[in-house]
Amino acid sequence: MKLKFTKMHGCGNDYIYFDCFDQTVEHPESLAVKLSDRHFGIGGDGIVLICPSRTADARMRMFNLDGSEGNMCGNAIRCVGKYLYDVRGIHKTRLSIETRSGVKSLDLTVQDGQATLVQVDMGVPQLSPDQIPVLLEGDKIVDHPITVDGSPYRITCVSMGNPHCVVFCDEVEHLPLSSIGPQFEQHPLFPQRVNTEFVHVIDPHTIQMRVWERGSGETFACGTGACASVVACVLNGLCPMDEDIRVLLRGGTLTIRYTKKGVFMTGTATKVFDGTVQV
Ligand SMILES: N[C@@H](CCC[C@H](N)C(=O)O)C(=O)O
């Protein structure tokens with residue numbers, strides 16, 4: 001069976017997108033594992049299905065590199081918005097997309113007939129440990145000491161529809177992420193595993209972040225992770241609320257604003273190529 005796909009990325013967080021308005025994708029979990037392989041597949045951080053929705057312009061389903069289904073993906077949702085505008089011809093600069101963590105609203109900036117920049121209303125962060133989930137007591141987990149692989153860390157936990165654990169560091173360039181990332185992901189405090197952001201605060205409006213994603217390992221960017229990091233910065237008194245914070249990632253920059261109404265993420269969405277794959 002042949003499937004048409006589009007390769008897209010948001011700040012280097014790249015996925016293989018399937019338009020499920022016109023075709024059926026069976027067994028997305030195993031397909032994600034097979035096609036994401038950068039040596040024997042197409043290559044990507046996972047796959048994304050763009051499906052019809054009864055309540056929104058489209059429904060997004062995303063699968064990590066290991067085949068697990070994520071509830072939300074900040075970088076992918078911007079690309080889905082671009083695809084709906086550029087390819088499916090839904091010429092509205094405000095779009096709604098259904099995800100496993102609710103319907104999200106997108107505002108598109110269009111240049112020469114193509115969506116270039118997308119702002120997403122990412123909703124209100126959840127801070128209570130049972131909603132994240134993290135097996136700790138309290139109404140929120142801010143600057144909490146834990147031990148990971150014998151070393152002490154201080155964590156701040158946030159759900160942006162998916163679980164995040166933010167760790168502040170003096171620098172992130174030289175962190176051995178491939179060894180410490182999995183120790184956080186599999187830590188017994190996180191019953192559903194966790195996405196971990198390592199954050200260096202450069203100044204109150206600029207932070208640098210590296211991420212170890214649940215199910216995909218180190219990626220060049222994580223949209224929900226950038227939002228969780230800015231929320232964690234505000235909770236720790238490191239960045240202001242209601243102002244734009246630049247999050248510098250390995251693959252680009254996202255602008256995040258945390259307000260009482262919720263978290264707003266702005267960034268690019270880029271198409272790389274179209275293709276057909278035999279599955
Ligand atoms: N890359 C993402 C998040 C993808 C899902 C995550 N790995 C999970 O399982 O929660 C983003 O841009 O938000």
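Glycine is treated like the rest: Cβ placed from N, Cα and C.
CYS73 (active site, proton donor) falls outside any helix or strand according to DSSP and counts as coil. The active site, proton donor annotation in TrEMBL covers CYS73.
Within its own chain, CYS73 (active site, proton donor) has ASN13, TYR15, VAL48, MET60, MET62, THR99, GLY223, THR224 as residues 6 or more apart in sequence whose C-beta sits under 8 angstroms from its own. Summarising the annotation, TrEMBL assigns active site to CYS73.
Within its own chain, CYS222 (active site, proton acceptor) has ASN13, GLY74, ASN75, ASN195, GLU197, MET209, VAL211, GLU213, LEU249 as residues 6 or more apart in sequence whose C-beta sits under 8 angstroms from its own. Look at TrEMBL and you will find CYS222 tagged as active site, proton acceptor.
Among the features that TrEMBL reports, substrate binding site is placed at ASN13, ASN64, GLY74, ASN75, ASN162, ASN195, GLU213, ARG214, GLY223, THR224. A sphere of 10 angstroms centred on the C-beta of ASN13 (substrate binding site) encloses 30 other C-beta atoms.
ASN162 (substrate binding site) falls outside any helix or strand according to DSSP and counts as coil. DSSP assigns GLY223 (substrate binding site) to a helix in the three-state reduction.
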